[in-house]
């Protein structure tokens with residue numbers, strides 16, 4: 001009897017706790033070990049998908065991660081070594097956030113193999129989290145000269161945040177999904193179903209711009225013209241009006257896309273539109289006529305930005321394309337960058353040193369940061385769900401909004417200058 005009990009106890013003592021491996025063990029002490037045994041089971045709570053920086057650690061020896069030599073992890077005698085050493089080696093190589101830490105229930109603490117941080121990299125940090133929206137954040141705007149931040153969501157609200165206190169100062173319930181939101185001067189434009197709301201925050205006036213059919217997915221302003229797109233693929237254009245009943249007049253409806261238009265950008269006196277039909281159309285903003293159609297993407301075009309003399313586009317086909325004007329004004333792809341997942345959105349801004357940084361939000365709940373023009377990776381931001389929006393703020397601040405309703409405030413950090421001898 002005692003011999004059987006001793007053997008059973010010994011066997012248990014060599015067995016890795018399955019709840020610990022899944023990040024759910026709350027027993028202290030636990031009768032099973034909280035480190036990986038030399039031959040861990042093939043399945044684990046984190047799945048078995050390969051990282052871009054190597055493979056996940058909970059797999060067979062043929063899938064050993066590329067974060068160091070086997071001897072460095074196992075020791076001279078072939079033993080696994082303590083969990084802390086393994087965790088440190090893995091963290092060094094893998095910018096993946098712990099999904100349990102996000103929800104405040106990771107049981108591993110310092111021994112967790114995944115990041116307990118909202119970012120990976122240097123030169124920036126989190127300031128605060130604002131999580132009062134209940135659904136996808138679809139717009140972030142900080143009007144010039146205002147101390148209020150505006151955010152819109154498909155939960156049907158626009159929230160106004162006090163930039164000094166970080167508190168929500170006001171909630172505007174629109175009774176319908178907010179599908180886009182931008183600001184221009186003293187105006188806030190809110191995209192809804194079949195309409196755009198225009199608010200003048202100085203005059204405290206409000207107007208409704210009708211015309212779009214379906215959800216207004218994107219808006220932009222250029223050449224004193226407001227452009228808005230909806231699910232029917234039509235681009236609506238309004239310009240200033242002297243009419244008493246409305247300061248905006250519908251001047252054109254631009255047609256040509258065969259599916260919903262989901263992104264717009266303005267640059268070099270041109271309007272660029274990206275669509276679910278996999279194409280990008282280029283429009284002359286003076287004549288409002290289409291001058292060319294770009295068809296290099298093989299899936300929906302998800303985002304467009306103009307940077308200097310270049311156009312950058314992203315797509316669900318996992319690529320970011322850089323376009324340049326060559327002969328006779330035509331645009332051609334001069335570089336294609338490939339991501340592991342589909343790209344949700346792009347945004348560009350300078351860092352604290354003025355270096356141009358491209359933000360690429362991907363379908364893995366992360367935002368990749370690249371220095372341009374080299375596309376060398378600068379770091380990553382993480383979120384609960386895909387980041388749909390990134391917006392620049394004053395004083396080195398920037399904002400991200402994800403599909404869970406989480407609004408994050410970030411700040412670029414000044415690099416300390418080294419005194420010359």
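Using N, Cα and C of the backbone, Cβ positions are placed for all residues, glycine too.
Under the heading domain 'C3H1-type', TrEMBL lists 11-37 (among others).
Within the domain 'C3H1-type' (92-119), the DSSP-based counts of helix, strand and coil residues read 9 helix, 3 strand, 16 coil. What TrEMBL lists as domain 'C3H1-type' is 92-119 (among others).
The region 'Disordered' annotation in TrEMBL covers 55-76.
As a summary of secondary structure, the repeat 'WD' (130-171) carries 0 helix, 22 strand, 20 coil according to DSSP. According to TrEMBL, the feature repeat 'WD' maps to 130-171 (among others).
The feature repeat 'WD' is assigned by TrEMBL to 254-293 (among others). Note on the repeat 'WD' (254-293): DSSP counts are 0 helix, 24 strand, 16 coil.
Annotation source TrEMBL lists repeat 'WD' at 294-323 (among others). Same-chain neighbours of the repeat 'WD' (294-323): 262-268, 272-282, 331-348, 356, 358, 360, 372, counting only residues six or more beyond its ends whose CB sits under 8 Å from a CB of the stretch.
The zinc finger annotation in TrEMBL covers 11-37 (among others). Predicted-model confidence for the zinc finger (11-37) is 59, expressed as mean pLDDT.
Annotation comment: TrEMBL describes 92-119 (among others) as zinc finger.
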